Amino acid sequence: MSQFAINVLFVGASFLLYIGIAIWAKAGSTKDFYVAGSGIHPITNGVAIGADWMSAASFISMAGLIAAGGYSNSTFLMGWTGGYVLLAMLLAPYLRKFGKFTVPEFIGDRYYSDNARLVAVICLIVASVTYVIGQMAGAGVAFSRFLEVDNTTGLIIAAIVIFFYSVLGGMKGITYTQVAQYCVLIVAYTIPAVFISLQLTGNPIPWFGFLSEHTQSGVPVLTKLNQVLTDLGFNEYTADVDNKLNMVLFTASLMFGTAGLPHVIIRFFTVRKVTDARWSGGWALVFIALLYLTAPAVGSMARLNIVDTIYPDGTDAAPIQYEDRPNWIKEWEVTGLIQFEDKNNDGRIQYYNDSESYADEAESRGWEGNEFSYNNDILVLANPEIANLPGWVVGLIAAGGLAAALSTAAGLLLAISSAISHDLIKGRFNPNISDKGELLAARISMAVAIVVATYLGANPPGFAAQVVALAFGIAAASLFPALMMGIFSKRVNNVGAMAGMLSGLALTLVYIFVYKGWFFIPGTANLPDTAEHWVMGISPLSIGAIGAVVNFAVAFAASRATAEPPQEIQELVESVRYPRGAGAAQDH
Amino acid sequence: MSGHSYDAENYWKANLRLIFGSLVIWFLVSYGAAMLFRPMLAGIEVGGTDLGFWFAQQGSILTFIVLIFFYAWRMNKIDEQFGVSEE
């Protein structure tokens, strides 16, 4: 069977499974549609959160980032998991107790302000739409590489599948498909890692393999990797970072952002009770960790494999002849994601860091510049080919990458459509709409959101690459503090919440736009986006944490200066704090 | 104030204490061991690298999992103790 046929088989089978689930789990009411009837088991919910959370970025890009940055990119590992500690202790149980359908609904009720709810809706939509574009674009890339269809055709196929299970089944359909998608993606991620770990270290568990001895050289994998990288003029893989302030702030932004992203929070509304919300936070992190603990192994081993491929006789010997390059390099060259240019015309691939400190060494070896470059995103996708694994593993990776992109896209689309149908249509324009009418409105908004996301995925605006900064910055600086203060402070009032959200948001957006261009329009940046121009060395990616601090400070100050919230709001805060709601309710 | 409300206050304080303790550990493993204190831990070797690197790439994630389960377990106990659990 050809590789193409194998890929079609794996992807096709997984899609049929998702559609089958959709038909089985049809939503009958708005409660089914928005929160799956609030009857999901905490472990099932943990699995679904895992798939919801792990996007194309986690599956495809993260290991590549770690391979390229080594220690410095550990921020993604800690940031995207540490946020769950905040979610499970500071937000999820209380929001579940509140017992409504959407995140803006809590903000609107708690701050007794339709305007606060509207600000939350806008934040939610901007964060989720930018995020969903990345997923659709990722699905398009996976389609075009593995199924040999063009990007747009691939996207339309993906959109039809998502349409099927999310419009029919709502949160109920999405939950059970996400469980299936999690299984596909985790198997797809783990199998190549196990094989590669066995090849390099003899240890079948990649988590331990990356800390064990490299069989060929007899030194630990990370020591070996540090050696070959410094031989070629690169930084040591485990080298420390000078700018710790920025590293701390970037990690904090990712953590606050993770806790404040609405598509993850609403997954906690699907469980039956408050204790289940606490447990599902733990289970979610277990299922996420199965991938996140493997990612550092995938990153380090792939980096070592790439160097070994190019320098088969060691970094002191001559690199490989271009004519003898392995098949995976040829295939990825076609996509333009691997590039080679024979600068010194010796027919060999020189791969090294052509920095000043390495200039003498390069000259003595007759090298005239680095000739080989690859896009970090290909690392996970090409991994099975780099390690010479059989064709079915490649098919599995294709299905896994698509599962990661589709499951996250569906979760985001549900958050968007429920904000539109529940917070805007029912909450603002037509409060008397019937349950049936609202369910129809929810389905229509979902369909429209899919069409818009597909269009934007096929024609990604210039800012698509900046998604991380924008989505996490908005969630960290506006939603996370507003939600947390709504639970932990009775004193923060409507004025404080609005002032806090808007100032946190303004600071974050302005700082990002100054370096990345206003509304990401090319050429409109005021300052170059490089470390020496950042205020106190703080990158625009790290500003969300400062935005959150500003939000907290402004909200407290403005609340102090104005009247305290009415009695019934203070009672609402009391009631979300107690699982049974005994406290305040029985006092009166 | 009735006795019940006093209890409710103590329940909330117990929750806050537990959260605070958990977040101290959350901070110490990620921002502490993995970043700020990494140079101080450089002498401790783990599988070809140093302890701080291991905390940055694996140790902190494992600690986070333990923290959430510990919190859920402790909170359920506290719920029962104060008679505010759901069933």
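Placement of Cβ uses the backbone N, Cα and C atoms for every residue, glycine included.
Here is what TrEMBL records for this protein:
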TRANSMEM  A:6-25  transmembrane segment
TRANSMEM  A:77-95  transmembrane segment
TRANSMEM  A:116-133  transmembrane segment
TRANSMEM  A:153-170  transmembrane segment
TRANSMEM  A:182-202  transmembrane segment
TRANSMEM  A:247-269  transmembrane segment
TRANSMEM  A:281-302  transmembrane segment
TRANSMEM  A:392-416  transmembrane segment
TRANSMEM  A:437-457  transmembrane segment
TRANSMEM  A:463-483  transmembrane segment
TRANSMEM  A:495-514  transmembrane segment
TRANSMEM  A:534-558  transmembrane segment
Using Cβ atoms only, state whether the transmembrane segment (A:392-416) and the transmembrane segment (A:6-25) have three or more pairs under 8 Å that are 6 or more apart in sequence.
yes
Maximum Cβ pairs under 8 Å to the transmembrane segment (A:182-202) - stretch from the list A:6-25, A:153-170, A:247-269, A:281-302, A:437-457:
A:281-302
One stretch in A:116-133, A:247-269, A:437-457 has more Cβ pairs under 8 Å to the transmembrane segment (A:153-170) than the rest, namely A:437-457
Is it true that the transmembrane segment (A:116-133) and the transmembrane segment (A:6-25) have 3 or more CB pairs under 8 Å, sequence gap of 6 or more?
no
Which bits of the chain, at least 6 residues beyond where the transmembrane segment (A:437-457) starts or stops, bring a Cβ under 8 A of a Cβ in it?
27, 29-30, 33-34, 129, 132-133, 135-137, 139-140, 155-156, 158-159, 162-163, 166-167, 170, 409, 413-414, 416-418, 420-422, 425-426
